[in-house]
């Protein structure tokens, strides 16, 4: 984009601009004609599963292989009797429902019916303790994602409701949950798209005050979205990437937010350039050339952050990034070609009714942002202290942080499957909602052995086990399956923590029963959620480190500085903690959610860091440009004044588009939308205009260390004066101060690096077969760096005659990493997020 020849080729005239616009429209149309519908290739099942190599998935595969017919998806009908004789009412209703589902007119996909009528021996498992409620199990064949399967579930529900009479009846279970999930999502994309378009259009009209200019970003986003969706559908159909309904929803708001941001940046610079260059084609070329570096850095950061998700082993994260990275890459190409070309093609009418002159004058950036810049220049210490204090207060919401793995509680709309699970919880106990499947595989045949019964007896005495169903023998005679009902909510953290001890208890029971070298696996929803939690913990740690590394490298390359990326990344981390704290307080403490969705935290971090750094990139890039003509203090003031309006408008639009996700009836999307809106507003109106300029103002010439601002290029050249007699002494004092400041900077970098190593070591010590060596090494180095840092802070403060406030801020910054490390350790132990070492005496043999 820095090539003038390329810009002249694309934007040299109206005819060339028309060719560019026609090219994109043609590409969008051609791809739409050959690509399948995105909905037809969406995969919503794998996103909620643990890694394929996890124990729970191995257990599921064994159930399908060893128990023929058990791979059907069950619908569970809950019947609760009414009246004085609830037991009789429930029995009559179950008989009528069983008859309707067992006849020749039963719905398609229904394999069989298991109830007290067809299986009276199973009454102990199908009838509640007070006999007022009963269960009817209806295995259904086919894929829950097929429309015919969902229609069959609806028919089962209609028949059950019709034949139940006065009894309370609900259809739940995996089949009911899958059908309700599809219904909750159905139509959501259209509502989301419409709400986003209307909201963005209103904001753009308020910003541009021109209807045609407001339509330009929307048309660009529409073209980019069409191209990205069709390319994504083609790649998903070929099995190259995975696309889910949630990913598609986030793609919509992401492209609207990012696309309008890029459009605002480019068109604002275009209006500003028109003040000096009346030729619109040359002005647009100059605008694109001057914004290319920052916009490309922004897009590259987002794309690389999305690709960083590929290191994840959990399907929910692994398949999330490529599709979004594709969309942002397409949006960046459209922003640099389609948007400038369309603006040129529309000519002077694009600024109607205000005209070019008023549009150009609005780009001067006077008004409130000049006053804010002046405030930061007058009192940088007070401004920085106030912002940091507010962010710390918001971070306190993390005290109520907890995660939720319950899919049904994540629906913000009432569903029949959730009502059914509520009935099961009340009448049969919480564990009956989702039994765990314990699998014991032996090298010997167990058909005639008493071991399976002995193991079942032993399991009834295990912690948190309510009951154990009769063992089922696999067709190979070597594999035994036990349905184990826990006395805990199967979606709670305590239930997830109980899976490990249950496996150990089964291993001990198998050895006591004489089954040597047995392979023990735990399946079911609770075990799957435990494996998902372990995978997410591992993935989140890797993704955090990788995304921070990516952002740091991009900032180093863009700003040619080693120090600036450190304090910019620190502001992003502080913003993330404040955002997550505010989200936890609002959704969990105030709204009463079970917890933060198990994947939401990782999503928030990746998106907030990748998008939040954009505004830092925009203002710091302008700061670098202003340094060519002004000293640092005036340069940061000018950068904030010139970019304040456009970046704030961009942030407002981006926050608004993500806030639209709060209209979706899914907890994860609601929480993610709230968090992103909150975090982007913090970045836009606190961190970017106040905290970052205050830090730059405090650092002065060292803000871009080791780069030093050159002599500003001013029209007048000051006359030289003869050196004074004190010049050698002044130079010596300056050299000593520079060395001290250089040492101060390097020890800050060392402290940050040793802190990162300490966090990694703390995580690794929780993994089996690892030691605490990393914690000891990096802990010692970090402690030494901390002491040296505080000492140098005092020396620098004395040497430069700092005030107490500035000295206190820098000293407190050194205390933040140790405090966060301790908080991390306490939080990890409280929540149990980090994997705990297993206590198995020997490794589990492979099947």
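Just so it is clear, glycine is given a Cβ too, placed from its N, Cα and C backbone atoms.
Positions annotated as transmembrane segment by Swiss-Prot, on the basis of sequence analysis: 18-38 (among others). Residues 10-11, 223, 226-227, 229-234, 236-237, 243, 248, 334, 337-338, 341-342, 345 of the same chain lie 6+ residues outside the transmembrane segment (18-38) yet bring a C-beta within less than 8 angstroms of a C-beta in it.
Annotation comment: Swiss-Prot describes 187-207 (among others) as transmembrane segment.
According to Swiss-Prot, the feature transmembrane segment maps to 215-235 (among others), an assignment based on sequence analysis.
With a cut-off of 8 Å between Cβ atoms, the residues of this chain six or more beyond the transmembrane segment (302-322) that come close are 43, 46-51, 53, 235, 240-244, 247, 258, 328-329, 532, 535-536, 538-539, 542-543, 546-547, 550-551, 554, 599, 602-603, 606, 609-611, 614. Feature annotation from Swiss-Prot assigns transmembrane segment to 302-322 (among others); the stated evidence is sequence analysis.
According to Swiss-Prot, the feature transmembrane segment maps to 326-346 (among others), an assignment based on sequence analysis.
Annotation comment: Swiss-Prot describes 381-401 (among others) as transmembrane segment.
For the transmembrane segment (539-559), the residues of the chain that approach it from at least six positions outside its boundaries are 293-294, 297, 300-301, 304-305, 308-309, 311-314, 317, 565-566, 568-569, 572-573, 601-602, 605-606, 609-610, 613, 616-617, 620-621, 624, 704, 707, 756, 760, 763, judged by C-beta separation under 8 angstroms. As annotated by Swiss-Prot, transmembrane segment applies to 539-559 (among others).
Feature annotation from Swiss-Prot assigns transmembrane segment to 600-620 (among others); the stated evidence is sequence analysis.
What Swiss-Prot records for 672-692 (among others) is transmembrane segment.
The feature region 'Disordered' is assigned by Swiss-Prot to 708-729.
Residues or ranges marked as transmembrane segment in Swiss-Prot (evidence: sequence analysis): 744-764 (among others).
Marked as transmembrane segment by Swiss-Prot: 778-798 (among others).
What Swiss-Prot records for 808-828 (among others) is transmembrane segment.
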By a Cβ-Cβ criterion of under 8 Å, what residues six or more beyond either terminus of the transmembrane segment (187-207) are in contact with it? 213-215, 217-218, 245, 248-249, 252-253, 256, 260, 264, 649, 652-653, 656-657, 660-661, 663-666
